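First comes the structure, then the notes that go with it.
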């Protein structure tokens with residue numbers, strides 16, 4: 001490569017990365033009224049959301065339905081270049097009186113919601129597997145190499161994680177019967193690590209044993225804030241040749257907001273006990289559409305001292 005071409009190639013790669021769509025998943029622990037009134041925590045949450053073009057927010061505990069409107073006001077205030085967020089939110093889900101919601105916040109200029117539904121968790125002979133049934137959303141975007149994709153979110157109960165993660169294959173089958181969708185993203189707080197999903201349990205999880213499901217966040221990652229823990233609870237899994245080949249190489253990662261925003265562990269825990277996980281989809285305007293296989297990142301993050 002000539003010296004003249006090298007800077008141009010670097011510039012094109014930089015533009016390509018900037019145009020890519022970042023998709024994130026974030027369990028904001030106990031996201032209710034008290035956290036909503038914590039200005040410092042809310043400022044960090046808004047910063048995290050603004051990094052993402054689509055973000056799944058979990059563990060919303062808001063019987064008054066105020067969290068998302070407040071986030072919209074904060075995100076869309078002084079919006080630059082006409083970039084505004086919208087959202088779609090699930091019903092309040094859970095057994096007995098304990099309820100949570102899933103919400104997807106997204107940049108309206110880049111993506112729109114095609115369809116959505118709540119998975120009906122009452123299959124013959126296998127009723128009520130999920131503590132919080134997936135809220136399935138079909139997104140479309142003219143700006144990404146893959147034009148539409150379904151996101152299936154999940155926040156498991158730790159003690160039943162193995163069964164719930166395995167059951168996502170049934171959700172996949174249900175969506176395929178309903179919609180002509182080919183590209184799938186499964187993501188959320190699967191509690192898929194440490195004692196909740198020991199190594200010997202993986203053989204009982206079809207989402208892992210079927211090689212057509214590609215795991216972007218590996219077992220070696222740490223998605224927890226506490227330096228005393230080291231667990232890959234939060235995951236992203238893909239299904240579909242087109243979407244797998246559209247992932248920006250090495251974009252699948254854990255976002256350490258404590259390090260990024262120079263927070264103490266206590267300040268970070270006021271936000272959540274989980275770090276977000278994320279990846280990028282290539283832009284349709286990219287000068288090349290990489291066909292490299294997605295590989296799991298080697299662990300580079302060390303616990304903060």
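FYI, residue positions are counted from 1 along the chain as it appears here.
Keep in mind that glycine also has a Cβ here, set from the backbone N, Cα and C atoms.
Record features, source Swiss-Prot:
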SIGNAL    1-20  signal peptide
MOTIF     35-51  motif 'Bipartite nuclear localization signal'
ACT_SITE  100  active site
ACT_SITE  155  active site
DISULFID  194-231  disulfide bond
MOTIF     296-304  motif 'Nuclear localization signal'
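Positions of Swiss-Prot features highlighted on the structure.
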residue : record         : Cβ within 10 Å
100     : active site    : 20
155     : active site    : 24
194     : disulfide bond : 14
231     : disulfide bond : 19
Of the recorded positions 155, 194, 231, which sits closest to residue 100 (active site) by Cα distance?
155
Could you tell me which three-state DSSP class residue 100 (active site) falls into?
strand
Per DSSP, three-state class assigned to residue 231 (disulfide bond):
coil
Pairwise Cα distance for residue 155 (active site)/residue 231 (disulfide bond) [Å, integer]:
15
Average the pLDDT scores across the motif 'Nuclear localization signal' (296-304) and report the rounded value.
52
